[in-house]
Amino acid sequence: SVGFKAGVKEYKLTYYTPEYQTKDTDILAAFRVTPQPGVPPEEAGAAVAAESSTGTWTTVWTDGLTSLDRYKGRCYRIERVVGEKDQYIAYVAYPLDLFEEGSVTNMFTSIVGNVFGFKALRALRLEDLRVPTAYIKTFQGPPHGIQVERDKLNKYGRPLLGCTIKPKLGLSAKNYGRAVYECLRGGLDFTKDDENVNSQPFMRWRDRFLFCAEALFKAQTETGEIKGHYLNATAGTCEEMMKRAIFARELGVPIVMHDYLTGGFTANTSLAHYCRDNGLLLHIHRAMHAVIDRQKNHGMHFRVLAKALRMSGGDHIHAGTVVGKLEGERDITLGFVDLLRDDFVEQDRSRGIYFTQDWVSLPGVLPVASGGIHVWHMPALTEIFGDDSVLQFGGGTLGHPWGNAPGAVANRVALEACVKPRNEGRDLAREGNEIIREACKWSPELAAACEVWKEIVFNFAAVDVLDK
(Lines of atoms letter the chains of each structure in order from A and count residues from 1; the text may use other names and numbers.)
(Lines give C-alpha, C1' and ligand atoms only; values in the text may rest on other atoms or scores of the structure.)
Protein backbone atom coordinates (compact mmCIF):
# COMPACT_ATOMS: atom_id res chain seq x y z
CA SER A 1 0.00 0.00 0.00
CA VAL A 2 0.99 3.63 -0.43
CA GLY A 3 0.38 4.40 3.27
CA PHE A 4 2.98 5.44 5.83
CA LYS A 5 5.59 2.78 6.61
CA ALA A 6 7.70 3.35 9.71
CA GLY A 7 11.38 2.47 9.79
CA VAL A 8 14.75 3.54 8.50
CA LYS A 9 15.52 3.44 4.79
CA GLU A 10 18.64 4.25 2.83
CA TYR A 11 19.02 7.90 1.87
CA LYS A 12 20.01 7.02 -1.68
CA LEU A 13 16.55 5.59 -2.41
CA THR A 14 15.09 9.09 -2.11
CA TYR A 15 17.94 11.60 -2.42
CA TYR A 16 20.34 10.12 -5.00
CA THR A 17 18.89 11.04 -8.41
CA PRO A 18 21.53 10.82 -11.17
CA GLU A 19 18.86 11.36 -13.82
CA TYR A 20 17.93 14.80 -12.40
CA GLN A 21 18.29 17.78 -14.76
CA THR A 22 19.31 20.84 -12.75
CA LYS A 23 17.17 23.97 -13.04
CA ASP A 24 18.37 27.54 -13.54
CA THR A 25 16.77 28.41 -10.19
CA ASP A 26 18.50 25.65 -8.17
CA ILE A 27 21.32 26.43 -5.76
CA LEU A 28 24.05 23.95 -6.71
CA ALA A 29 26.72 22.80 -4.24
CA ALA A 30 29.91 20.80 -4.73
CA PHE A 31 30.85 18.87 -1.58
CA ARG A 32 34.10 16.99 -1.02
CA VAL A 33 32.84 13.88 0.78
CA THR A 34 34.99 11.39 2.72
CA PRO A 35 32.64 8.54 3.76
CA GLN A 36 33.25 6.26 6.73
CA PRO A 37 34.64 2.83 5.75
CA GLY A 38 31.86 0.68 4.29
CA VAL A 39 29.57 3.59 3.37
CA PRO A 40 29.10 3.70 -0.43
CA PRO A 41 29.67 7.13 -2.03
CA GLU A 42 26.09 7.27 -3.37
CA GLU A 43 24.72 6.81 0.15
CA ALA A 44 27.14 9.44 1.52
CA GLY A 45 26.22 11.96 -1.19
CA ALA A 46 22.51 11.29 -0.71
CA ALA A 47 22.91 11.68 3.07
CA VAL A 48 24.44 15.13 2.55
CA ALA A 49 21.55 16.14 0.27
CA ALA A 50 18.99 14.81 2.76
CA GLU A 51 20.43 16.22 5.98
CA SER A 52 20.98 19.67 4.45
CA SER A 53 17.40 19.84 3.10
CA THR A 54 14.24 17.89 4.05
CA GLY A 55 15.54 14.56 5.36
CA THR A 56 16.01 13.06 8.78
CA TRP A 57 17.34 9.71 9.98
CA THR A 58 14.00 7.86 9.89
CA THR A 59 10.76 7.95 7.94
CA VAL A 60 8.22 10.33 9.51
CA TRP A 61 4.52 10.32 8.76
CA THR A 62 4.44 14.12 8.30
CA ASP A 63 6.45 13.61 5.07
CA GLY A 64 3.05 12.81 3.59
CA LEU A 65 1.75 16.30 4.37
CA THR A 66 4.08 18.00 1.90
CA SER A 67 5.57 17.42 -1.53
CA LEU A 68 9.05 16.08 -0.77
CA ASP A 69 9.81 15.87 -4.47
CA ARG A 70 9.37 19.61 -4.70
CA TYR A 71 11.49 20.54 -1.69
CA LYS A 72 14.18 17.90 -1.28
CA GLY A 73 17.85 18.40 -2.06
CA ARG A 74 19.14 15.93 -4.65
CA CYS A 75 22.59 14.46 -5.11
CA TYR A 76 22.72 14.35 -8.90
CA ARG A 77 26.37 13.50 -9.60
CA ILE A 78 29.34 11.91 -7.84
CA GLU A 79 32.97 12.00 -9.04
CA ARG A 80 35.92 10.24 -7.48
CA VAL A 81 38.77 12.62 -6.55
CA VAL A 82 41.87 11.50 -8.45
CA GLY A 83 44.90 10.93 -6.24
CA GLU A 84 42.92 10.86 -2.98
CA LYS A 85 41.80 7.71 -1.21
CA ASP A 86 38.05 7.51 -0.52
CA GLN A 87 37.28 11.10 -1.50
CA TYR A 88 34.43 12.08 -3.80
CA ILE A 89 32.92 15.29 -5.11
CA ALA A 90 29.16 15.07 -4.59
CA TYR A 91 27.03 17.59 -6.48
CA VAL A 92 23.79 18.56 -4.77
CA ALA A 93 20.92 20.66 -6.13
CA TYR A 94 18.62 22.56 -3.76
CA PRO A 95 15.26 24.01 -4.82
CA LEU A 96 15.21 27.77 -4.33
CA ASP A 97 12.11 27.68 -2.11
CA LEU A 98 14.19 26.15 0.70
CA PHE A 99 15.86 29.52 1.34
CA GLU A 100 14.72 32.86 2.72
CA GLU A 101 15.23 35.74 0.31
CA GLY A 102 18.19 38.03 1.02
CA SER A 103 19.54 35.92 3.90
CA VAL A 104 23.06 34.49 3.71
CA THR A 105 22.49 33.37 7.29
CA ASN A 106 19.59 31.13 6.28
CA MET A 107 21.42 29.82 3.21
CA PHE A 108 24.37 28.65 5.30
CA THR A 109 22.20 27.32 8.13
CA SER A 110 20.66 24.93 5.60
CA ILE A 111 23.60 24.00 3.40
CA VAL A 112 26.38 23.80 6.01
CA GLY A 113 24.33 23.42 9.18
CA ASN A 114 23.90 20.07 10.94
CA VAL A 115 25.21 17.98 8.08
CA PHE A 116 28.87 18.56 8.97
CA GLY A 117 28.53 16.56 12.18
CA PHE A 118 27.00 13.57 10.39
CA LYS A 119 28.41 10.25 11.62
CA ALA A 120 28.35 8.41 8.28
CA LEU A 121 30.96 10.88 7.00
CA ARG A 122 34.57 11.03 8.12
CA ALA A 123 34.92 14.53 6.69
CA LEU A 124 32.95 16.97 4.54
CA ARG A 125 33.96 20.15 2.76
CA LEU A 126 31.86 22.58 0.75
CA GLU A 127 34.05 23.42 -2.25
CA ASP A 128 31.79 25.74 -4.23
CA LEU A 129 28.23 27.04 -4.65
CA ARG A 130 26.35 28.12 -7.77
CA VAL A 131 23.97 30.83 -6.63
CA PRO A 132 21.17 31.31 -9.18
CA THR A 133 20.45 34.78 -10.53
CA ALA A 134 16.92 34.60 -9.11
CA TYR A 135 18.38 34.37 -5.59
CA ILE A 136 21.13 36.93 -6.19
CA LYS A 137 18.50 39.51 -7.14
CA THR A 138 17.15 39.32 -3.58
CA PHE A 139 20.43 40.74 -2.19
CA GLN A 140 21.68 44.33 -2.15
CA GLY A 141 25.30 43.14 -2.23
CA PRO A 142 28.26 45.51 -1.79
CA PRO A 143 27.26 48.98 -0.56
CA HIS A 144 28.97 50.69 -3.52
CA GLY A 145 31.28 48.49 -5.59
CA ILE A 146 34.54 49.08 -7.41
CA GLN A 147 33.58 51.83 -9.87
CA VAL A 148 31.67 53.94 -7.34
CA GLU A 149 34.60 53.65 -4.91
CA ARG A 150 37.06 54.88 -7.54
CA ASP A 151 34.76 57.80 -8.32
CA LYS A 152 34.41 58.69 -4.62
CA LEU A 153 38.19 58.58 -4.13
CA ASN A 154 39.08 60.03 -7.55
CA LYS A 155 41.81 57.38 -7.98
CA TYR A 156 42.13 55.47 -11.25
CA GLY A 157 44.51 53.26 -13.19
CA ARG A 158 46.40 51.66 -10.31
CA PRO A 159 45.89 49.46 -7.25
CA LEU A 160 45.09 51.30 -4.02
CA LEU A 161 47.61 51.24 -1.17
CA GLY A 162 46.84 50.51 2.47
CA CYS A 163 48.62 49.91 5.76
CA THR A 164 47.50 48.19 8.95
CA ILE A 165 48.61 50.20 11.98
CA LYS A 166 50.98 48.23 14.22
CA PRO A 167 51.45 47.31 17.01
CA LYS A 168 47.90 46.14 16.56
CA LEU A 169 47.10 46.41 20.28
CA GLY A 170 48.45 48.68 23.01
CA LEU A 171 48.78 52.14 21.42
CA SER A 172 46.91 55.09 22.89
CA ALA A 173 44.40 56.80 20.61
CA LYS A 174 46.64 59.84 20.04
CA ASN A 175 49.73 57.80 19.15
CA TYR A 176 47.56 55.64 16.91
CA GLY A 177 46.25 58.73 15.13
CA ARG A 178 49.81 59.98 14.67
CA ALA A 179 50.80 56.76 12.89
CA VAL A 180 47.70 57.08 10.67
CA TYR A 181 48.66 60.65 9.74
CA GLU A 182 52.27 59.76 8.92
CA CYS A 183 51.28 56.87 6.63
CA LEU A 184 48.60 58.83 4.78
CA ARG A 185 50.85 61.90 4.49
CA GLY A 186 53.58 59.71 2.98
CA GLY A 187 51.39 58.64 0.07
CA LEU A 188 49.10 55.77 1.07
CA ASP A 189 45.39 55.85 0.21
CA PHE A 190 44.20 54.02 3.31
CA THR A 191 45.26 53.00 6.78
CA LYS A 192 43.50 50.28 8.72
CA ASP A 193 42.43 49.26 12.19
CA ASP A 194 43.60 45.75 12.89
CA GLU A 195 40.77 43.23 13.04
CA ASN A 196 41.04 42.86 16.84
CA VAL A 197 41.01 46.61 17.54
CA ASN A 198 37.46 47.20 18.82
CA SER A 199 37.13 49.19 22.06
CA GLN A 200 39.66 48.02 24.64
CA PRO A 201 40.74 49.67 27.91
CA PHE A 202 43.91 51.16 26.37
CA MET A 203 42.01 52.78 23.47
CA ARG A 204 38.25 53.27 23.49
CA TRP A 205 36.58 53.38 20.09
CA ARG A 206 35.32 56.96 20.27
CA ASP A 207 38.80 58.34 21.05
CA ARG A 208 40.30 56.34 18.20
CA PHE A 209 37.65 57.50 15.74
CA LEU A 210 38.27 61.16 16.66
CA PHE A 211 42.06 61.03 16.39
CA CYS A 212 41.97 59.01 13.15
CA ALA A 213 39.48 61.43 11.58
CA GLU A 214 41.72 64.36 12.53
CA ALA A 215 44.73 62.53 11.05
CA LEU A 216 43.10 61.74 7.73
CA PHE A 217 41.65 65.23 7.23
CA LYS A 218 45.06 66.78 7.96
CA ALA A 219 46.76 64.40 5.50
CA GLN A 220 44.05 65.11 2.93
CA THR A 221 44.61 68.85 3.17
CA GLU A 222 48.38 68.52 2.84
CA THR A 223 48.43 66.05 -0.07
CA GLY A 224 45.37 67.13 -2.04
CA GLU A 225 44.32 63.46 -2.25
CA ILE A 226 41.27 61.81 -0.70
CA LYS A 227 42.32 59.56 2.18
CA GLY A 228 40.60 56.93 4.30
CA HIS A 229 41.09 54.97 7.50
CA TYR A 230 39.14 51.73 8.02
CA LEU A 231 37.45 52.43 11.35
CA ASN A 232 36.54 49.03 12.78
CA ALA A 233 32.89 49.18 13.82
CA THR A 234 32.78 45.52 14.93
CA ALA A 235 31.28 45.27 18.42
CA GLY A 236 29.68 42.90 20.90
CA THR A 237 26.13 43.75 19.80
CA CYS A 238 24.59 44.87 16.52
CA GLU A 239 23.26 48.00 18.23
CA GLU A 240 26.74 49.00 19.38
CA MET A 241 28.14 48.29 15.90
CA MET A 242 25.55 50.57 14.30
CA LYS A 243 26.29 53.29 16.90
CA ARG A 244 29.94 53.25 15.84
CA ALA A 245 29.07 53.35 12.13
CA ILE A 246 26.74 56.30 12.71
CA PHE A 247 29.48 58.17 14.62
CA ALA A 248 31.91 57.52 11.74
CA ARG A 249 29.41 58.98 9.29
CA GLU A 250 28.93 62.04 11.52
CA LEU A 251 32.70 62.59 11.50
CA GLY A 252 32.57 62.65 7.69
CA VAL A 253 35.05 59.81 7.11
CA PRO A 254 34.69 57.76 3.91
CA ILE A 255 34.97 54.16 5.14
CA VAL A 256 34.26 51.80 8.04
CA MET A 257 35.26 48.20 8.65
CA HIS A 258 33.71 44.95 9.87
CA ASP A 259 34.99 41.49 10.82
CA TYR A 260 32.28 39.61 8.96
CA LEU A 261 32.84 36.05 10.18
CA THR A 262 33.25 36.79 13.89
CA GLY A 263 30.58 39.52 13.67
CA GLY A 264 28.20 37.28 11.74
CA PHE A 265 26.37 37.55 8.42
CA THR A 266 23.21 39.08 9.89
CA ALA A 267 25.20 41.93 11.45
CA ASN A 268 27.25 42.31 8.28
CA THR A 269 24.21 42.60 6.01
CA SER A 270 22.64 45.21 8.32
CA LEU A 271 25.85 47.24 8.27
CA ALA A 272 26.13 46.97 4.47
CA HIS A 273 22.59 48.34 4.07
CA TYR A 274 23.41 51.24 6.40
CA CYS A 275 26.62 51.96 4.46
CA ARG A 276 24.83 52.17 1.13
CA ASP A 277 22.11 54.41 2.54
CA ASN A 278 24.68 56.75 4.10
CA GLY A 279 27.51 56.86 1.57
CA LEU A 280 30.08 54.90 3.60
CA LEU A 281 32.43 52.39 2.00
CA LEU A 282 32.71 49.07 3.86
CA HIS A 283 36.00 47.23 4.34
CA ILE A 284 35.67 43.57 5.33
CA HIS A 285 38.21 41.56 7.28
CA ARG A 286 38.00 37.76 7.21
CA ALA A 287 39.29 37.00 10.73
CA MET A 288 38.49 33.36 11.62
CA HIS A 289 38.33 32.21 7.99
CA ALA A 290 41.18 29.71 8.34
CA VAL A 291 39.30 27.91 11.11
CA ILE A 292 36.69 27.14 8.44
CA ASP A 293 38.69 26.90 5.21
CA ARG A 294 42.23 25.70 6.01
CA GLN A 295 41.70 21.92 6.00
CA LYS A 296 41.55 20.43 2.53
CA ASN A 297 39.05 17.69 3.40
CA HIS A 298 36.74 19.39 5.93
CA GLY A 299 35.05 22.76 6.32
CA MET A 300 34.30 25.23 3.58
CA HIS A 301 36.54 26.70 0.89
CA PHE A 302 37.19 30.43 1.04
CA ARG A 303 35.67 30.89 -2.42
CA VAL A 304 32.28 30.09 -0.82
CA LEU A 305 32.89 32.59 1.99
CA ALA A 306 33.89 35.16 -0.66
CA LYS A 307 30.69 34.60 -2.65
CA ALA A 308 28.66 34.88 0.54
CA LEU A 309 30.35 38.18 1.37
CA ARG A 310 29.57 39.60 -2.07
CA MET A 311 25.92 38.76 -1.42
CA SER A 312 25.88 40.02 2.18
CA GLY A 313 27.80 43.18 1.29
CA GLY A 314 31.29 44.63 1.47
CA ASP A 315 33.43 46.86 -0.77
CA HIS A 316 36.82 45.32 0.14
CA ILE A 317 37.71 41.87 1.44
CA HIS A 318 41.04 40.30 2.37
CA ALA A 319 41.92 37.60 -0.12
CA GLY A 320 45.44 36.31 0.58
CA THR A 321 48.54 37.44 -1.28
CA VAL A 322 50.09 34.52 -3.21
CA VAL A 323 53.51 35.99 -2.27
CA GLY A 324 53.44 36.96 1.45
CA LYS A 325 53.22 35.17 4.79
CA LEU A 326 49.58 34.01 4.59
CA GLU A 327 48.05 31.12 2.68
CA GLY A 328 47.19 31.56 -1.00
CA GLU A 329 48.04 29.43 -4.02
CA ARG A 330 48.10 31.48 -7.23
CA ASP A 331 45.47 29.85 -9.47
CA ILE A 332 43.04 29.20 -6.63
CA THR A 333 43.47 32.74 -5.27
CA LEU A 334 42.91 34.30 -8.69
CA GLY A 335 39.84 32.10 -9.10
CA PHE A 336 38.06 33.60 -6.11
CA VAL A 337 39.49 37.08 -6.80
CA ASP A 338 37.66 36.95 -10.14
CA LEU A 339 34.52 35.69 -8.35
CA LEU A 340 34.71 38.83 -6.21
CA ARG A 341 35.32 41.34 -9.00
CA ASP A 342 33.79 40.09 -12.25
CA ASP A 343 30.16 40.08 -13.41
CA PHE A 344 30.39 36.60 -14.94
CA VAL A 345 32.85 33.80 -14.18
CA GLU A 346 33.06 30.59 -16.22
CA GLN A 347 33.48 27.17 -14.64
CA ASP A 348 37.21 26.38 -14.55
CA ARG A 349 38.36 23.45 -12.45
CA SER A 350 42.02 24.40 -13.00
CA ARG A 351 41.28 27.42 -10.78
CA GLY A 352 39.00 25.55 -8.39
CA ILE A 353 35.80 27.03 -9.86
CA TYR A 354 33.21 24.24 -10.01
CA PHE A 355 30.30 26.23 -11.45
CA THR A 356 29.70 29.08 -13.87
CA GLN A 357 28.54 32.05 -11.77
CA ASP A 358 26.49 34.96 -13.14
CA TRP A 359 26.37 37.88 -10.70
CA VAL A 360 23.89 39.87 -12.84
CA SER A 361 23.99 43.47 -11.56
CA LEU A 362 25.60 42.88 -8.15
CA PRO A 363 28.56 45.29 -7.72
CA GLY A 364 32.08 43.88 -7.42
CA VAL A 365 34.33 43.70 -4.35
CA LEU A 366 37.97 44.86 -4.27
CA PRO A 367 40.29 42.05 -3.13
CA VAL A 368 42.80 43.12 -0.48
CA ALA A 369 46.28 41.56 -0.57
CA SER A 370 47.86 41.71 2.86
CA GLY A 371 50.14 39.67 5.09
CA GLY A 372 53.93 39.75 5.05
CA ILE A 373 54.33 41.80 1.87
CA HIS A 374 56.95 44.49 1.21
CA VAL A 375 58.41 46.59 -1.63
CA TRP A 376 60.16 43.67 -3.35
CA HIS A 377 56.74 42.04 -3.79
CA MET A 378 55.29 45.08 -5.57
CA PRO A 379 55.95 43.92 -9.17
CA ALA A 380 54.41 40.49 -8.48
CA LEU A 381 51.40 41.99 -6.70
CA THR A 382 50.78 44.51 -9.49
CA GLU A 383 51.04 41.70 -12.05
CA ILE A 384 48.88 39.18 -10.17
CA PHE A 385 46.09 41.40 -8.81
CA GLY A 386 45.93 44.13 -11.47
CA ASP A 387 44.46 47.58 -10.89
CA ASP A 388 41.27 46.61 -9.07
CA SER A 389 42.82 45.66 -5.76
CA VAL A 390 44.10 47.07 -2.48
CA LEU A 391 47.71 46.24 -1.59
CA GLN A 392 48.08 46.43 2.15
CA PHE A 393 51.49 46.65 3.81
CA GLY A 394 51.54 46.67 7.63
CA GLY A 395 55.07 45.88 8.74
CA GLY A 396 56.12 46.61 5.15
CA THR A 397 55.34 50.29 5.82
CA LEU A 398 55.84 50.74 9.56
CA GLY A 399 59.03 48.66 9.63
CA HIS A 400 60.92 51.15 7.45
CA PRO A 401 64.20 52.12 9.16
CA TRP A 402 63.45 55.85 8.82
CA GLY A 403 59.88 55.74 10.15
CA ASN A 404 56.28 55.53 9.01
CA ALA A 405 56.08 58.36 6.46
CA PRO A 406 59.24 57.25 4.57
CA GLY A 407 57.82 53.70 4.63
CA ALA A 408 54.67 54.99 2.95
CA VAL A 409 56.76 56.95 0.43
CA ALA A 410 58.72 53.80 -0.43
CA ASN A 411 55.52 51.85 -1.10
CA ARG A 412 53.96 54.58 -3.22
CA VAL A 413 57.15 55.04 -5.27
CA ALA A 414 57.44 51.27 -5.78
CA LEU A 415 53.82 51.08 -6.96
CA GLU A 416 54.11 54.00 -9.39
CA ALA A 417 57.42 52.54 -10.61
CA CYS A 418 55.65 49.24 -11.44
CA VAL A 419 52.46 50.64 -12.99
CA LYS A 420 54.22 52.80 -15.58
CA PRO A 421 56.40 50.06 -17.16
CA ARG A 422 53.47 47.63 -17.01
CA ASN A 423 51.39 50.10 -19.02
CA GLU A 424 54.28 50.34 -21.49
CA GLY A 425 54.16 46.57 -22.00
CA ARG A 426 57.16 45.48 -19.93
CA ASP A 427 57.05 42.09 -18.21
CA LEU A 428 56.89 42.67 -14.45
CA ALA A 429 57.31 38.99 -13.67
CA ARG A 430 60.69 38.95 -15.40
CA GLU A 431 61.94 42.52 -14.97
CA GLY A 432 60.37 43.36 -11.58
CA ASN A 433 63.53 43.40 -9.47
CA GLU A 434 65.35 45.48 -12.05
CA ILE A 435 62.46 47.99 -12.17
CA ILE A 436 62.53 48.36 -8.37
CA ARG A 437 66.34 48.78 -8.34
CA GLU A 438 66.06 51.46 -11.03
CA ALA A 439 63.49 53.37 -8.94
CA CYS A 440 65.81 53.19 -5.89
CA LYS A 441 68.23 55.53 -7.67
CA TRP A 442 65.85 58.47 -7.36
CA SER A 443 64.07 57.49 -4.12
CA PRO A 444 66.29 57.14 -1.06
CA GLU A 445 63.24 55.98 0.95
CA LEU A 446 62.71 53.07 -1.45
CA ALA A 447 66.42 52.23 -1.46
CA ALA A 448 66.41 52.00 2.34
CA ALA A 449 63.32 49.75 2.31
CA CYS A 450 64.84 47.48 -0.34
CA GLU A 451 67.97 47.08 1.74
CA VAL A 452 66.04 46.08 4.88
CA TRP A 453 63.82 43.44 3.26
CA LYS A 454 66.08 42.02 0.57
CA GLU A 455 66.53 38.69 2.39
CA ILE A 456 62.98 38.13 3.64
CA VAL A 457 61.14 35.13 2.20
CA PHE A 458 58.30 32.93 3.46
CA ASN A 459 59.10 29.59 1.87
CA PHE A 460 56.34 27.22 2.93
CA ALA A 461 54.26 25.00 0.69
CA ALA A 462 50.64 26.10 0.30
CA VAL A 463 48.11 23.90 2.09
CA ASP A 464 45.32 24.83 -0.31
CA VAL A 465 46.29 23.09 -3.56
CA LEU A 466 44.32 21.88 -6.56
CA ASP A 467 43.38 18.24 -7.05
CA LYS A 468 45.56 16.34 -9.50
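Keep in mind that glycine also has a Cβ here, set from the backbone N, Cα and C atoms.
Annotated features in Swiss-Prot:
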ACT_SITE  Lys166  active site, proton acceptor
ACT_SITE  His285  active site, proton acceptor
BINDING   Asn114, Thr164, Lys168, Arg286, His318, Ser370  substrate binding site
BINDING   Lys192, Asp194, Glu195  Mg(2+) binding site
MOD_RES   Lys5  N6,N6,N6-trimethyllysine
MOD_RES   Lys192  N6-carboxylysine
SITE      Lys325  site 'Transition state stabilizer'
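Swiss-Prot feature annotations superimposed on the structure.
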{"residue": "Asn114", "record": "substrate binding site", "DSSP (3 states)": "helix"}
{"residue": "Thr164", "record": "substrate binding site", "DSSP (3 states)": "strand"}
{"residue": "Lys192", "record": "Mg(2+) binding site", "DSSP (3 states)": "strand"}
{"residue": "His285", "record": "active site, proton acceptor", "DSSP (3 states)": "strand"}
{"residue": "His318", "record": "substrate binding site", "DSSP (3 states)": "strand"}
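Minimal Cβ crowding within 10 Å, among the binding-site residues Asn114, Thr164, Ser370, is found at Asn114. Here the C-alpha separation of His285 (active site, proton acceptor) and His318 (substrate binding site) works out to 6 Å. Just so you know, of the binding-site residues Asp194, Glu195, the Cβ with the fewest other Cβ atoms around it within 10 Å is the one at Asp194. Long-range C-beta contacts of Lys166 (active site, proton acceptor), restricted to its own chain and to partners at least six residues apart, with a cutoff below 8 Å, comprise Asp194, Gly394, Gly395, Leu398. The sparsest Cβ neighbourhood within 10 Å, among the listed binding-site residues (Lys168, Arg286, His318), is found at Lys168. Calculated from their C-alpha atoms, the gap between Lys192 (Mg(2+) binding site) and Asn114 (substrate binding site) amounts to 36 Å. What surrounds the Mg(2+) site, by Cβ distance within 8 Å of the Cβ centroid and not counting Lys192, Asp194, Glu195, is the set Thr164, Ile165, Lys168, Asp193, Asn196, Val197, Tyr230, Asn232, Met257, His285 from the same chain. The distance from the Cα of Thr164 (substrate binding site) to the Cα of Glu195 (Mg(2+) binding site) comes to 9 Å. On a Cα basis, Glu195 (Mg(2+) binding site) lies 29 Å away from Asn114 (substrate binding site).
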